[in-house]
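A quick write-up on the structure given underneath.
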Amino acid sequence: IGALRWHFLLQSLDDLQKNLCQLGSCLLVIQGEYESVLRDHIQKWNITQVTLDAEMEPFYKEMEANIRHLGEELGFEVLSLLGHSLYDTKRILDLNSGTPPLTYKRFLHILSLLGDPEVPVRNLSAEDFQRCRPRDPGLAECYRVPLPVDLKIPPESPSPWRGGETEGLQRLEQHLTDQGWVASFTKPRTIPNSLLPSTTGLSPYFSMGCLSVRTFFYRLSNIYAQAKHHSLPPVSLQGQLLWREFFYTVASATPNFTKMAGNPICLQISWYEDAERLHKWKTAQTGFPWIDAIMTQLRQEGWIHHLARHAVACFLTRGDLWISWEEGMKVFEELLLDADYSINAGNWMWLSASAFFHQYTRIFCPVRFGKRTDPEGQYIRKYLPILKNFPSKYIYEPWTASEEEQKQAGCIIG
Ligand code: FAD
């Protein structure tokens, strides 16, 4: 993972540590390979129970199985809880058995049979927190939250996104105060090139476990219950959360979900291999200002709007460069704050018309797409300041300006 996400993780741990301290408890961060960490600490600290988030990603499934074996060997109980998703994907898949592949419509139908997701498990009491305080105060210093220097990453993050539950809850509250906005939210009408996010911007907080998706789900349900009308899935806010669940469900049932080869839902396409073009796309040097501005925002901030993701994903794959979605997915995995095994791969397959959606001729134009919502090109001027003096009529295609106009704008197009 890239430095931005490391920073986001450290900030999130720091915030968790501060919040636990206020409750009379504290957080001990142990670094290392999980098996040896457990072997070293189980007896030393007399640990009787290990809890973890249930996950559908193969790496974590394997980790859970290994920890269970270790529990049998060393004599501790393992409690794996569903926290990262709204539903247990196994239950959805059981109800779908016999009729794969799962479509979003059918998925919603199955959810209607299951009813609302379970509410969060339970709240801990003040005594619970106080009991979770190590008797030796020296431990807290020994097992402190690592600093960027410990991880050999730059000391400061250039990203405006700050990790942690406190920040995540603030963002949540800010959005939920505008109940009209929440009730009428229609994803395709949100703007990919606004200077501040036009959607909730909560994905990094869900992804890092700072914010509970169930809290969000139920807060939305309460607002919908009070509204005369509200938008519906797939375009509503709750619909967005359900897309997340949809990709988790399909990923948990699909072998090799993050690959083309050996992936039963993915079209097998002979993509080009072109390291130079891939590098130019990744480093914001394609020459298309709209595409390069988005990739610059991604590199500097770690978050881009969903439709901006559409634009650059289509450009890399079926739209222009004909390079495999797997390459794009890897770049997103490194650079996104919200990088997620299932959602990332699922959306890349969608955008490249490899799975779920196959109208591969429905292409986003790298010039006109951005122009629709930002004709003056403010977004491009912000992220590609080299172009900031171009007149608006050229900002999306500066190569059409005359040499004289390019000179006046202080940037000659090569
Ligand atoms: P909002 O519109 O406010 O939605 C609220 C929440 O719903 C999001 O925080 C997110 O958890 C969920 N959500 C929204 N859209 C989707 C979607 N299409 N699929 C699944 N869940 C969704 N999202 C990730 O969280 N991690 C990824 O790695 C990721 N990779 C993507 C790759 C590509 C090529 C594309 C096209 C999309 C990807 N997305 C990914 C989905 C989506 O773009 C982001 O979740 C969304 O833009 C986050 O912004 P938000 O929190 O403001 O979303």
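Each Cβ is built from the backbone N, Cα and C atoms, and glycine gets one as well.
Automated prediction, rather than curation, is the source of TrEMBL annotations.
Taken verbatim from TrEMBL:
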- 199-203, 240-247, 338-340: FAD binding site (BINDING)
- 1-86: domain 'Photolyase/cryptochrome alpha/beta' (DOMAIN)
- Trp271: site 'Electron transfer via tryptophanyl radical' (SITE)
- Trp325: site 'Electron transfer via tryptophanyl radical' (SITE)
- Trp348: site 'Electron transfer via tryptophanyl radical' (SITE)
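In the vicinity of ligand 1, defined as a Cβ distance under 6 Å, none of the recorded positions Glu245, Trp271, Trp325 are placed. When the recorded sites Trp271, Trp325, Trp348 are compared by Cα distance to Leu241 (FAD binding site), the shortest distance belongs to Trp348. Under DSSP, residues within the domain 'Photolyase/cryptochrome alpha/beta' (1-86) fall into helix, strand and coil as 46 helix, 10 strand, 30 coil. In this structure, the CA atom of Phe247 (FAD binding site) is 11 Å away from the CA atom of Trp348 (site 'Electron transfer via tryptophanyl radical'). Around Gly201 (FAD binding site), the same-chain residues at least 6 positions away in sequence with a Cβ under 8 Å from its Cβ are Trp161, Arg171, Trp303. Ranking the recorded sites Trp271, Trp325, Trp348 by Cα distance from Glu245 (FAD binding site) puts Trp348 first.
Between the CA atoms of Ala339 (FAD binding site) and Trp325 (site 'Electron transfer via tryptophanyl radical') there is a gap of 15 Å. Counting other C-beta atoms within 10 Å of each candidate's C-beta, the recorded positions Trp243, Trp271, Trp348 are led by Trp348. A gap of 17 Å separates the Cα atoms of Ser203 (FAD binding site) and Trp348 (site 'Electron transfer via tryptophanyl radical'). A straight line from the CA of Trp348 (site 'Electron transfer via tryptophanyl radical') to the CA of Trp243 (FAD binding site) spans 14 Å. Considering only the recorded positions Thr199, Trp243, Trp271, the residue whose Cα is spatially closest to the Cα of Trp325 (site 'Electron transfer via tryptophanyl radical') is Trp271. For Trp325 (site 'Electron transfer via tryptophanyl radical'), the Cβ neighbour count at a 10 Å cut-off comes to 26, with all displayed protein chains included. Ranking the binding-site residues Thr199, Ser203 by how many other Cβ atoms lie within 10 angstroms of each Cβ puts Thr199 at the bottom. Within 10 Å of the Cβ of Ala339 (FAD binding site) there are 21 other Cβ atoms, across all protein chains.
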